[in-house]
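**Student:** Found this in TrEMBL, in case it helps:
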DOMAIN    1-134  domain 'Peptidase M14'
ACT_SITE  E104  active site, proton donor/acceptor
DOMAIN    262-552  domain 'Peptidase M14'
REGION    365-390  region 'Disordered'
COMPBIAS  370-379  compositional bias 'Basic and acidic residues'
ACT_SITE  E522  active site, proton donor/acceptor
DOMAIN    686-963  domain 'Peptidase M14'
TRANSMEM  1052-1075  transmembrane segment
REGION    1110-1132  region 'Disordered'
Amino acid sequence: LSQFLLSGNLHGGSVVASYPYDDSPTHRPTGVYSKSADDEVFKYLAKAYASHHPIMRTGKPNCPGEEGETFPDGITNGAQWYDVEGGMQDYNYVWANCFEITLELSCCKYPPTSELPKEWDNNRESLLAFIEKVHIGVKGFVRDAVTGAGLGNATIVVAGIAHNITTGKFGDFHRLLVPGTYNVTAFLMGYTPVTKENIEVKEGDATEVNFSLQPTVLPPAPNATQLTAASAPVTAITPTTVQAEAPNPPSDHQPIQPVDFRHHHFSDMEIFLRRYANEYPNITRLYSVGKSVELRELYVMEISDNPGVHEAGEPEFKYIGNMHGNEVVGRELLLNLIEYLCKNFGTDPEVTDLVQSTRIHIMPSMNPDGYEKSQEGDKGGTIGRNNSNNYDLNRNFPDQFVHVTDPTQPETHAVMAWLKSYPFVLSANLHGGSLVVNYPFDDDEQGIAIYSKSPDDAVFQKLALAYSKENAKMYQGSPCQDMYPTEYFPHGITNGAQWYNVPGGMQDWNYLHTNCFEVTIELGCVKYPKSEELPKYWAQNRRSLLQFMKQVHSGAWGFVLDAVDKRGILNATISVADINHPVTTYKDGDFWRLLVPGTYKITASARGYDPVTKVVEVGSQGAVQVNFTLSRTDSKVEMGKVLVLNTPDTSNPNEKEFETLIKDLSAENGLERLLLTSSRDVAPYRYRPYKDLSEFLRGLYLNYPHITNLTSLGQSVEFRQIWSLEISNKPNESEPEEPKIRFVAGIHGNAPVGTELLLTLAEFLCMNYKKNAAVTKLIDRTRIVIVPSLNPDGREIAQERGCTSKIGQTNAHGRDLDTDFTSKAPETKAIMENLILKQDFSLSVALDGGSLLVTYPYDKPTQSVENKETLKHLASLYANNHPVMHLGQPGCPNKSDENIPGGVIRGSEWHSHLGSMKDFSMTFGHCPEITVYTSCCYFPSAGQLPSLWADHRKSLLSMLVEVHKGVHGIVQDKSGRAIPKAAIILNEGLRVYTKEGGYFHVLLAPGFHNIDAIASGYQQKHVKVFVHDDAPSSVFIIFDTENRIFGLPRELVITVAGASMSALVLTACIIWCVCSIKSNRHKDGFHRLRQHHDDYEDEIRMMSTGSKKSLLSHEFQDETDTEEETLYSSKH
């Protein structure tokens, strides 16, 4: 239980501070003052609150119906006011060390919202004043006078006050008292009591009083283990910078050996790990990779000279213990190893060099639940071997030869995700039950005991021997004569499958799915030896543990760099000729490839680059460094043909900083680090029906108004709102230059997991804004739109634990909304018209249920898919950040044999259908959309939500990072005027359009891509761009005025138009002259019209000038049309 000292219980219905006791022995309804032993303290505390409250301190609340009720000084004894049986404040005082009072804050129990500011003003100073009173009285420690260890549960007695308190587990205590003089006694069974007299307590901070109790019978001289463990909280040592300097020790230097030899149950182990993380913060970092079935943390202690950071070129190593809960020696050895490394860093050269050159990760217990069930003395039993779901964790990993049908366990999930998050190079898995080092492969196709050779068999033998040679008994090869008299392992090592077949083992999964080489080490014949045997195990294995770690520095290592910008290339492939096992580079382009001594041809290759091969000589002492510089494929030829643009303009420091962030988050452990450094994570624990969902969204909007905007897209059939939450640093402003991402869930009401994941994502982002630098920058540079429930009507009737139930799948009219993006139900119409058809999204992610995979467009049957590589890349990115989705084996009960390579598949190849949201988004919204199927069960129990969030959070965050990649561009004319609605055609297929300001953004798979830009009235532009997998690329397109009119050269059209105009003018002049001559020649013949001469001349004049005007007008009209056409082209 938490050691609370002071508490306030806030109520309403009056304005008064009430203190214990709340009832009396007679239980009269009112008027009995029921005095506690600490009556003076309670009155002091109650007055501290009441005296700062403008109404309470008057003692006259004037509540309606109780106008005559008064409380002197604004306080009252509870029972004197009215008798309350079973009250919380009395329980706190009687059964705990906590002093609690009850505070009635207002006459009205549920006042209008408009009254809340006034209530805050009334109570603010009182709340603060009351909190300050937690520091009054006396405080200190009670320690053993001989060992100095803190004594927990000792009793603290104050003379004259019949209420005692007890010390905490470290011997700490704090006793609230009003100012005065006191005699205080500390006593504990087995110790002589000690009394300190005339202790003066003053107003303000507590008086410090410490007690040293003498044991009544002196124990034998305590061993160092007891001293260290017990006294740690009091005598914690904070290392200084001097500790890290590693002075040269004398030649006879002996390292400090561990003294903490005992079996550590989970709580004990947890304290041990926290203690060393606290005492050695300069070289340690304690973190958890997940939780067991029974929600115990899977702790890892990192030991490095720069904890929490991957240093470029530094290899990462791990030890895992206690995978089988009853095999405990590895667990205790790893705790010993932590102690040994911490205590010897800076003084022992071997340890110092190892810690400075290696990032070491130690997981003492992978199966803490099983350990708690196991029994000391177990020699060869199985109690506690499996996890709490009774599955063997070393048969639970995906296997290359056998389909593992058991459901993947939380511990397995967590470890696989962990291994995908760090660039581990070497590892050992510590077991018990024999004495041998076992190396891959652990099984074979036939399922029999036969040597199953991996491509790196020679390397594994060398690694195994490095351990066994340092353990004399292991190296002899006949470990357990009394148990297995015929068993023999030459030099203490064996191929796994040759010993016995283990399908689903962890060591093979490490080798096949990561860059990590892992062996399994059996540490002793007895699985759970007596604690007195533990020092012997440390003595036998200390040199082996250290020597094995050093093997991480063998073989070849180096960097793979881009020839142009000298940046490291992430996920470049390192291949060794004649060894069919490539490894990949990490975020800085750094790699490590374990090899035995010899000469090798090593090739570095990456997509979009020409491979480079080098001949490398690997020696027996340390690793050899080999660096590769790769040139982009066809870069020399292409540079001469078209403009090749690769990187964004980073002249702006903010742009450079953001590009660095995107690169860091794209690295294998980048998102893991973001989660570890977030101010706090959140986890869903229940499902929210429509009313709760609406209130939750409104709560986010009201609590984070500067970065959220809540709107309704429309209503469902049953008139529920289709909510849309935008998260951005400027949620109500248009920012066309920023990428926009859409998350949609609940299209099927019977699959609400996606809804809860998106609500949790929204809260996580909001909570970490301005708290976590990475989250803050992502929100500042991204427009995030979340539609958590597209089918709220279906959700309302869906049933929890309905894993296969279709109840709630459709809307209230029985329509499957994912087939309705043609007929427009109210729900689909709302999102189509208000989001999709705005055509301003760069990426959309839809969350559904019923399997564990990602589909990409199209859902409709189609022969070809434009931009397929990009769509598949986006889907794969989500799957690869999920701990098991990328394995391609959803393992759903109704389809246990389903295999989806990489966990991604085109929608039409999985479940083909028409009218889907992703197809509509692609065709009419010009936005790529992927659909994530979050779990096999449509509506799993709420208890599974925390683990589902843990599985999907990295994938969801990876989408926020990915939306910043691809190609960002601006289209302008030569005058610098932006050209919106210009067509951007990608790879002669996919088409998008520029937005306001001439901006466009399109996601593309890494590699070279062709871009054609077209706008009416301008010459078509063609550029080639290289897209990085960890950074955005920028394109700046400047249009020239179109040089063709009606498909003909502009010069020809102008010449013809000029000639035609001249001919028309000449013709008009001739006609006018002819008319004039005829008029003169026949003047006499028209004598009858002489009287109308003036009118006639006017008519001729008007005809002549009219002809000229119409011709000129036509010419001007042509010119005007050309100008208008040009202007229109510029605008569109």
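Here the Cβ of each residue, glycine as well, is placed from N, Cα and C on the backbone.
Note: TrEMBL annotation is automatic and uncurated.
Source: prediction; values computed, not measured.
Map these features onto the structure and tell me what's around them.
**Tutor:** Mean pLDDT across the domain 'Peptidase M14' (1-134) comes to 94 in this model.
With a 10 A radius on its CB, E104 (active site, proton donor/acceptor) counts 23 other CB atoms from all the protein chains.
Sequence-distant contacts of E522 (active site, proton donor/acceptor), defined by Cβ-Cβ distance under 8 angstroms and a gap of at least six in the same chain, are H431, G432, G433, S434, L435, V436, V437, N438, P479.
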**Student:** Quick one: DSSP breakdown of the domain 'Peptidase M14' (1-134) into helix, strand and coil?
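**Tutor:** When I sort the residues of the domain 'Peptidase M14' (1-134) into the three classes, I find 52 helix, 21 strand, 61 coil.
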**Student:** Kindly report the helix/strand/coil residue split of the compositional bias 'Basic and acidic residues' (370-379) according to DSSP, in that order.
**Tutor:** 4 helix, 0 strand, 6 coil
